[in-house]
């Protein structure tokens, strides 16, 4: 939704352009501004802009849903800076999702060598819209003061121009503000945000307010009664009435004084992601010394992210005045800060111990910075900092990512028009970049169209006692309420219901739908539906499910050799466990449905963003009690899916179809992000236990594994997921005595489902964990233990399928060589010796990925190819285009087989009208199996045309496709599927068509004080660059960042991008290199191809284990146990807390004081709405702290209010 906002500055007589999120921009704020959308940049009907052309031709998009936003961000940058630097390009893309685009396509404007420069049009400035002259009268008058109505980019420009003109000692606070501004939100958010809004909203994690408060900033206020000044201090930030604005006042400007010579100020922040993420904790600190000394004259310490506002350690600062800046002062300051600054156990986002550690970690960094500055000012007065402590001073500096893609080119004798094996532009690439690609919500409204919003359960497990919709139906614009009683056929199927009837089984369970004339009416009317519940027993975790014997499937097992006997012969046995968290799909296009009923024969058209059009058709037919031939499902393209738009989407379609059936009108049902995340599940959390027996040389002789996954409330794909966990859990290791067992647990959470690399992403991490445990115990290098236990020769998997690991060994050796692994390992060890607070780690991980399904019918595919008399060809097949380029590859197949140019061929949308009964597009095989079907149809047609071609060998394609030949120019193609099977009673079978092998090497650097980390390098010899790159980044998110959090009642807390962080461009490795292994063949797949859509995800675990390696170095230096387990995601909190040091010990030494020791006072609290479950601690409402009110517990109907003395 990014657009470009343009404004004219009369003082500088310059026009400035900003990218902005249109969905966050109030219409009234556009007065006097110009707005340019992607349609104004270029189009297929006018002329493409070079940005659009390069992004498309250099493979810069996949599903394309977010591509217009990329275009507008780059376009805004180029309008301001026609020759941008790589740093400016990277900054312009701050916060953009990194797994949904080609990271190298976006940099082609600066580096055209990534593609063929001669193919690109030069930039034509006359193509750009001019700024409307009439708007030049509507301009903002800027002055030397920092006006609070100025947007953040203006503030940034003012500071950048001011700092070089002033003496360095005067600009310390300005430089500190610049540092925080560069990481404040993303480019689009900064473009919208004003300094005044930032100040007056006083958010706890706003990064500039602590700096302004520490720097003694002053606010200039105005009202109809006049003007006045107030200090921007801790009282203002905590909204003390005497220090706050009056209701009629506004902030006009902020005065930021110069820094003094003996004054030092710094700011710090730590977030889950370095850019476009709210801080977990931020801080600003300032100290003023008596001239020429280290005696403290004034001290200010502010923290954000600790409470509901920015807090000050005022009492600590008062006690520390007059002290010398030395080690004794440091210890006392840390103790005082921990005692004074209280982190509430209910702080948003949790992480209480981590936040408390950051309080002192930040202060320690400030202490060292000041010591270093004093040394620089007075070289003979202060000693040098210890060399190993210097690493605490530096913070990670963002560098533009550099990539390399190496692959084998086609045979030079291959015909130029034959596209197979060549990097062909995505068939919708141009439309992605111009915004002309049509997704479900882009379809024009139909006559009489209505909108639907759903009412979902607020209880995780309860009986429905009553549903009262009367108030909702009285709302203006509401047409109907649909629920289970309105369904003419079956309410769902044996596994799941469309609408809950008597019982709800998770928070988000759909109870009814509000159908209205506008979406706003439908959404607002949801709150008018009154539902009474009776709570039932709640099961949320794997541990609770095991305790209550709550499972979705029977236990499954695979066993090879004799595990028990082998354990008797080994030198050592280790036991442990690992927890792998879930993951949200976070497709950019949420679930989107548009249902249009026809006027006759109970027919209905379904326009759906789905991976499984046939399933949607079948479920709707069952729900409406009509034959399937009356229901037609259409899917042109999907804006990302990753496995999340399969089974669950069909229930959304069915709900909308019931609404259309009841009202007789078209119904549009587009889920908002929070509803989509609340209702749909994602990757299964896993709990794995291992018992591994090995010899002293590292050879593993026996492994016994037990797995449980949290399937949620319904079966969905959970049985398939646990099967894949068991089949894939050995990864690339040949263990002669091997046993694994597993079950899917039933809980009262949303139903988890397939997500890119399902099963293997969790099980593979488990395998590498027990490999690492063995290596740590024996003090052996991890790569040595991995290589020793890898498959080397042709043998059998634990389920008795033959495997030839030749390419696995080659990938491993190539990765060692191309990554300079041993040289980099030695360099990392040397770095670690010299740096106490920064550590580097490196890891190399092998991969054996099993492609496809263990049932033959999952691999079948259908195609329909028409040749028209003008020679054009229309291709239909059962595959859904989700950004993986499936349609493009089908065009390549048809071109190759029919021996005609790509330009002759068009791919029709996925529809059940032409291709019935097709299997879901998933499992990395959609391209190859549908390619087989298209190939079959084209070969049939080519064979029919051969007699005509032989009669006229000099003719053209158009001459051969005529009526005179009396042959059918339509053919159906079919692929039966790869022969696979799995006998779970015996625990054996030919479970997969083939294997994909790879190896990944990653190097990281971690900050032991904060847990921040940076991926330096990634090397991946593998067998589709886009899929490998995107998969790796998605795996990086799974293993190091993305975390789903639920309340004790089963409510999902992480309901959007502000609380759930996916990798962005800023998280891409500095050096990202992908190598495709040459001369490798796959005899069973079309054109020797391989399914790579999912395999790349697990390669992201190389970053996890590189971080683990760095953590091990830190723990070794601190004398801590080398044998430790790290769970996934390995985020900044876990990294920091496992790198235990004096500051984490301080947190334990000065624990948070439990408020239960305070006085308990019983109130009638009915007028204040703070309600929570028993035992949860919440801070008081703003303004009540001064009265001594700290928190509230609810004990049944009694409010327990915790108070403390004001001291």
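Note that Cβ sites are derived from N, Cα and C of the backbone, with glycine treated the same way.
No curator has checked TrEMBL annotations; they are predicted automatically.
Feature annotation from TrEMBL assigns [2Fe-2S] cluster 1 binding site to 1, 23. Cβ-based neighbour count (10 Å, all protein chains) for residue 1 ([2Fe-2S] cluster 1 binding site) stands at 14.
Taken from TrEMBL, the feature [2Fe-2S] cluster 2 binding site applies to 63, 66. All protein chains shown were included, and the count of other CB atoms within 10 Å of the CB of residue 66 ([2Fe-2S] cluster 2 binding site) stands at 21.
Per TrEMBL, the feature domain 'FAD-binding PCMH-type' maps to 144-261.
Summarising the environment of residue 207 (FAD binding site), the number of other Cβ atoms within 10 Å of its Cβ, over all protein chains shown, is 27. The FAD binding site annotation in TrEMBL covers 207, 269.
All chains included, 24 other C-beta atoms sit within 10 angstroms of the C-beta of residue 923 (Mo-molybdopterin binding site). Sequence annotations record features per position, and here TrEMBL assigns Mo-molybdopterin binding site to 611, 642, 756, 923.
Remark: residue 758 (substrate binding site) has 643, 683, 684, 717, 720, 721, 724, 1094 as non-local neighbours, by Cβ distance under 8 Å and separation of at least 6 in sequence. Here TrEMBL flags 758 as substrate binding site.
Sequence annotations record features per position, and here TrEMBL assigns active site, proton acceptor to 1094.
If you count neighbouring Cβ atoms within 10 Å for each of the binding-site residues 23, 63, the highest count belongs to 63. Neighbour list (residue 642 (Mo-molybdopterin binding site), Cβ cut-off 8 Å, at least 6 residues apart, same chain): 585, 587, 755, 756, 1034. Secondary structure by DSSP for the domain 'FAD-binding PCMH-type' (144-261): 56 helix, 22 strand, 40 coil. Across the fold, the C-alpha of residue 207 (FAD binding site) and the C-alpha of residue 923 (Mo-molybdopterin binding site) stand 43 Å from each other. Residue pair residue 1 ([2Fe-2S] cluster 1 binding site) / residue 66 ([2Fe-2S] cluster 2 binding site) shows a Cα separation of 8 Å. Around the Cβ of residue 611 (Mo-molybdopterin binding site), the same chain contributes 638, 641, 643, 645, 646, 649, 880, 882, 920, 921, 922, each under 8 angstroms and 6 or more positions distant in sequence. The Mo-molybdopterin-binding residues named in the record, 611, 642, 756, 923, extend over a maximum Cα to Cα distance of 13 Å. Note: the CA-CA distance between residue 269 (FAD binding site) and residue 923 (Mo-molybdopterin binding site) rounds to 40 Å. Apart from 611, 642, 756, 923, the residues listed for Mo-molybdopterin, the same chain places the Cβ atoms of 641, 643, 644, 646, 754, 755, 758, 882, 921, 922, 924, 1093, 1094 within 8 Å of the centroid of those Cβ atoms. When the C-alpha distances from residue 23 ([2Fe-2S] cluster 1 binding site) to the binding-site residues 63, 66, 923 are tabulated, the minimum falls on 66.
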